[in-house]
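Q: For reference, the structure I am asking about is given below.
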Amino acid sequence: MPYLREVANTHGRWGISNTQVPTESRPGHVAVIAGFYEDPSAVAKGWKENPVDFDSVFNQTSFTWCWGTYDIVNIFTKADVTDHIVVHDFDPYDDNFSTNKNTTLLDEWVFKNVKTFFQNLKDDSVLSKKLKHNKIIFFLHLLGTDTAGHTHKPKTKNFLTTLSYVDKGIKEIEKVIRDYYHDDGKTTFLMTSDHGMTDWGSHGAGDDHETQTPYVIWGSGVKQKKYVKQDFETNGMSLEHRFDINQVDLAPLMSTILSIPVPVNSKGKLSTEILNMSLANKSKAMYSNARQLASQYNKKRLQVEENALPLLYKPYESLSKEKYQEFIEFTEKLLTDGQYEKCILLSEEIIHLSLSGLQYYHNYYQLPLLLLVTASFIGWIGCLLKILTEQQYYSQAVPSNLNSVTCSSKSMSKWMNSVFIFLCGLSFFLVYAQNLPTPYYLYFLLPIFLWWYVLVSSSTWLKAFGQFRKNKQILSLLLQILSYALGSMALALSFTYRWMLSVPLLGMGMWPIFSLTKHHLSNQVLVSWQVGCILLSIFTFIPVVGKNVFIELVLIADKKEIVLTAVQVVLLILSLQNIYVQSKRFETGSPVSYYYQTLSWTISAISLVIPLMFSKRIMCRLLAVNTSIINFYLLLSVSHEGLFIVALIFNLICWIFIEFKLLQLKDIKLVESSFDSHHEDELKSFASLERGINCQDFRRAFFFVVYIIVAFFGTGNIASLNSFEVRWVTCFITSFQPFIITALVLLKTLAPFLSVACSFRAVQHLTKAPIGYLNMIVLIYSNLMGIQLLYNVKNTGSWLEIGTSISQFVIVQVITLFIVIINFIAKLLTDISIHSFTGKIFRSRKKNV
């Protein structure tokens, strides 16, 4: 951008604006214009509006005129501000702005409308009078570079063309404004960006390319320096003119230039080094910034102090009530006495203490809440274990012994009831006395009720302990608990470090060797199982899908697939040809073929129905379902995820085979087993439907959880837009239709889950494990992961760090509900038969005839 570089090196100043929150889908303009980083709760509003009202630089001006996209400029007009904030907006998703993917059209609309605005002032005396006021802002939101980066990727010709166009447009708009005001020297110009971008066209992580944004400021009030040295980090930029700041610091900077109050919600710190001001004015500006931040701190402190119990309250000692008043009074005295340098230094200290104090009181109740939630987690795990233990006794005990299982010591029960009633009263008092929000009653009382349920029937635990001691299984039990706990920790860590998935996968591969299982399996099965686990673990070390595109890997994925039917072979071949043709067209810049897109939709629809035409034999139906899943998955693949789905399915088939072998059924073969529940021979041979939970079920549930998480994170966190690649959906759609694109991405995410769920359905059907209690075991594992992830939740850092930490915690909490839903879909895929359905229809018609 030659013009902006010239300005920065001659009569302007420039630097890096370090942003804390490079959003995944929400712009960071609030940080620039309001001076604070948005709360993660903004996601609940769909990123289209703010969760709370807030003050901004625009609010404090005499007049503000905005041009840009509707979802940006209207962020700052939530209140009734039509009297002094005027908005000119457009819809960036309109087809008029996507002709031949020409992203300069988005900025052309802004530049054109600004020029027209100033041209029409000759005929509008009322508007001309408004423009003569001081303290006004013209805000131009330029979307072209962001769209070009996402669509064409940075450093491409199209992206650089958009940059050049913006650079020239800024120069032209500056001339228009200067000409209108006759170059009176009272206008300041500021160019900046709300976030950066990676080389693959995404933002949301903590990479420097995403968190470091440029700013250039020139015009009235900007302190100039001589250009002597070059900045070593850039190409030909002035080192003397560089001054780095935080993004939120731009709000008090603009406020000071306009001589308006700093927005009340701002957490920015004024940087007077780049402003051409007298020492007295710098002192006043810094003092104003300090009072604004100190007022925020004092308000937060008073809110906590007002309701806190004196015996429990711990104030922020560095800026207590007395020190706060002392600091303010002394700073005012320094300003009055003309001791400006000391006033600036003390103001900076107040700013630092206020920001630290705000953080302290914002997180004042964080530790007690974490401890209470942790106690609830552990108590809930205890409840689930108690239910499983009782189910084991009820399924095995004779009626005469049931009373001894359920009875408990009356004296112990009364003592426990007294203790828990006291704790409930104390908790209720603590919440009520401190006037805490209503949800705090739940936080305090829930762990008490859970632990009461766990401990009130102590005989259940004594009975279980006695049974294990009698069978000399205490050591084995402890080893299993340790293994599953460490495995759950590894799964929780895999949400942040994908390679940690390899730990439970390799452990699963080694499991037959260190157990009696190896005596029931052939060497071929053992080797296949271990190779499958190793293959899956390799994918956790491969880079996330989306950063690189290797269509060749997608084509290789199906060369060794088992041919189920001639129809599915034809569909696979057509899919591979479709992927190859559309990929080459995209790379050469040729228009994608609508014929092939129609073919993709047709193949997907047929693939959904074909498995339902197969018989209900377990292996036959599973191979049909998996082949259809692969077919659809490959159409949405761009790299090694095509190989991943094949490795995953191979490992799942090995798992089913191992579980069947461990049943030691001599009269039934796996190929003869069916999902049909009406086979009397199978029902006689297999275990009873009412059998109790055993140690093998804990292992099966753990394997299932591992596969679910591997299916989600095996090729990267594809739930994050930071790893989204637009070429995923090229075979289906090329126009920007968010709902269709989102649906396709969700279906791609769902595909590996369906393979896992159908395989687990086969294991559950073969072993006759009670599915409801298996879900309870899964819930135990998810709660173990939840405790760990609870302490990783963040409310600072990049949106990827904040959003990922929250989503990870939420995912493990809803995993059981998700598993119930995915198992229901798997049941439909494995149990429904079009042949049987049509047969029933014909039989009913014959009866009617």
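Using the three backbone atoms N, Cα and C, a Cβ is placed for every residue, glycine included.
What TrEMBL lists as domain 'Sulfatase N-terminal' is 88-231. The domain 'GPI ethanolamine phosphate transferase 1 C-terminal' annotation in TrEMBL covers 357-798. Per TrEMBL, transmembrane segment is recorded for 364-385, 415-434, 440-462, 474-500, 527-550, 562-581, 593-611, 618-636, 701-719, 739-760, 772-791, 806-826 (among others).
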Q: For the domain 'Sulfatase N-terminal' (88-231), jot down how many residues DSSP puts in helix, in strand and in coil.
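A: For that range the per-state counts are 69 helix, 23 strand, 52 coil.
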Q: Of the listed stretches 364-385, 440-462, 618-636, 772-791, which one has the most C-beta pairs under 8 A with the transmembrane segment (806-826)?
A: 772-791
Q: Averaged over the whole of the domain 'Sulfatase N-terminal' (88-231), what is the pLDDT?
A: 86
Q: What else in the chain is close to the transmembrane segment (364-385), if you only count residues 6 or more beyond its ends and a Cβ gap under 8 Å?
A: 304, 436, 443-444, 446-447, 450-451, 453-454, 776-777, 779-780, 783-784, 786-787, 790-791
